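Visitor: Take a look at this one; I'll ask things after.
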Amino acid sequence: MSIRTEQDYDSATPALAQQMNLARRACWRIKSYSSESLFKTYASVITDTSANEIDAEAPPPPRDKTKTRIEPQIAPAKRNSSCTSSDWRGMFSKRTLLICALALILGSAQARPNTSAVGVAPRKVSQDIVDAVTQLNLGQSAPIDAVDVGLDPTPSARVPRPEPLKSGDENAKGDEGHKMERYPLSSVDFARVKTPFIIGIWILSASIAKIGFHMTPKLHLIFPESCLLIVVGVVIGVVLYFCTDVAVSPLTPNTFFFYMLPPIILDAGYFMPNRLFFDNLGTILLMAVVGTIFNIATIGGSLYACGKMGIYGESETPGLMDVFLFASLISAVDPVAVLAVFEEIHVNEILYIVVFGESLLNDAVTVVMYHMMESYNEIGLDKIIAQDIASGVGSFFVVALGGTAIGIIWGFLTGLVTRFTDHVRVIEPIFIFVMAYLAYLNAEIFHMSGILAITFCGITMKNYVESNISQKSHTTVKYALKMLSSSAETIIFMFLGVATVNNMHVWNTWFVVLTIAFCSVFRVIGVILLSALANRFRLHKLSRVDQFVMSYGGLRGAVAFALVLLVDENVVKQKNMFVTTTIAVIYFTVFLQGITIKPLVKILNVKRANKRKPTMNERIHERFMDHLMAGIEDIVGKTGNYNVRDKFKRFDNRFIRPLLIRDLKVFLHLSL
């Protein structure tokens, strides 16, 4: 029988451990109360009792002195027809003692702990004990070993035999060549934290590079910060690829959309100038919706026509749906890249809000067109029916309006919650961050625009949260959002550089060059046409210089890269070529356009942003003009921006603010 240790019993499953415990109890009973000892003990008692009943004249049989145990004596004897009272008392007392002894021994055997070691049971046992063991094992799938209990079943699984446990010293002596290790003073386990440690090191390196970049005036004036971060990422990617075996998956779509993008968009939406945004909302929607659809149609059609002419090569010519899938993700302006570049060149507020607002609101068009083309690609061009096209058009309104509604609802809820935080000021920033993030995730649950949801959540909550939270909480929210968005931008651009260094690229020169050319040309054409249409309804016209900056500022970035990584390689065979082309377009827009836009803004004398806060006199005159223009619009019978704004403010002050703002009278007094 093999020797088992405590590890063998600890590794057993609960059902197997129960069977082992039952087997040990049965073996203990069999060992302690074998049939042989029980019969011998019973025979000795009967012998003593019979000796008093046998006739006095009968001599006792001779005893063998060499035997150590009492043998049962079977001798013919005649019982007396009557017994005295003393004989009955003796018999009764001895039998009572025998019964008590048996009960005591049985009780001690049942109380024996399960972990005690047991020996091997005798070969021959009585049928009563076998029946007792069998009853103990009722409900178990594996019976007790047939050798131990004298049975011969055919079990499905053999129950492990209970064995004496071995101590640690015995194990050490039994294992040859095993050296006992003492408790060390210190130890090194770098493999356990290798990947997160290296990621932390190169994020720290990028932050130090940012500090050095801003301490060097010449570099800071020539190159945008995003270019430096991409270069740092490329260097780190080369080191990781050739010098280490760390498997870092850079900028996966889930990482980007769930963790990197939300803080950047929340920062932009929370601190967005609401008045400028809604004053230019018509132009922003025109550029975001119509302009994006125009770019997708023209870029996709041109690339497909060039493929039909055989420019890309026969083996690398994508199909119609594949080309339009690629055009849907490469046509949209990236908000992260626009923020990174436009915040450094400090253009005027109208130009900034038009370009940045377009990059935010075109997310709905990009998401709908991307999923539509992906679905059409899986269905097949010849199997698309009118219902699929109608569903695609309707999904745009569902995605855009649904994401906006979700953001507004969560913004109102945030204002309602912060109304009751006057006794726990320390957790006020948590509600702003968490509830805005939940708005983003809630939109993603229903496949709606998460960017629109978190943008309008930030716009909505700012109107009510600012009057409920303390000044310290306001400062915390401001700097925490700036820190999170800046860190996310750093990681995004650096991850773009790291993702460049791999061996999965498929380079097609004509496809890359034509994609960059079509993106630039059709961007200019679209801006010129749509600006001419928008200027017919605008009070402040968009000049040629503004149109040039809008065309030149159509940067692509990490959103396109994350979307192209989501493409299914089994459906789109040219996925690797699309990934390589997307990286090339991002590098072209960020490096060439991002580096040259700053000197072009200076040369063209573009109006810069004025960071000066308006004076009290300017604010009074602005409000006076708003009421005056709203009154004129009412008299004329025209519903314009001023009339809509005035009606919303009246509705807001009458119904919404009393519900969401804690000290409304104090707030109105301070605002006046």
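Note: Cβ is positioned from N, Cα and C throughout, glycine not excepted.
So TrEMBL has the following annotated:
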- 160-178: compositional bias 'Basic and acidic residues' (COMPBIAS)
- 203-602: domain 'Cation/H+ exchanger transmembrane' (DOMAIN)
- 150-178: region 'Disordered' (REGION)
- 221-243: transmembrane segment (TRANSMEM)
- 255-272: transmembrane segment (TRANSMEM)
- 284-307: transmembrane segment (TRANSMEM)
- 319-338: transmembrane segment (TRANSMEM)
- 350-372: transmembrane segment (TRANSMEM)
- 393-418: transmembrane segment (TRANSMEM)
- 430-459: transmembrane segment (TRANSMEM)
- 479-498: transmembrane segment (TRANSMEM)
- 510-533: transmembrane segment (TRANSMEM)
- 545-566: transmembrane segment (TRANSMEM)
- 578-601: transmembrane segment (TRANSMEM)
Visitor: With an 8 Å cut-off on Cβ pairs and a sequence gap of 6 or more, do the transmembrane segment (284-307) and the transmembrane segment (350-372) reach 3 or more such pairs?
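Guide: With 3 or more qualifying Cβ pairs, these stretches touch.
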Visitor: Any chance the transmembrane segment (510-533) and the transmembrane segment (350-372) are in contact, meaning at least three CB pairs closer than 8 A with a sequence separation of 6+?
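Guide: Stretch pair does not touch.
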Visitor: Which range out of 221-243, 430-459, 578-601 gives the transmembrane segment (255-272) the most CB pairs under 8 Å?
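Guide: Result: 430-459.
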Visitor: Using Cβ atoms only, state whether the transmembrane segment (430-459) and the transmembrane segment (350-372) have three or more pairs under 8 Å that are 6 or more apart in sequence.
Guide: yes
Visitor: With contact taken as 3 or more Cβ pairs under 8 angstroms (pairs 6 or more apart in sequence), are the transmembrane segment (350-372) and the transmembrane segment (221-243) in contact?
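Guide: Contact criterion not met.
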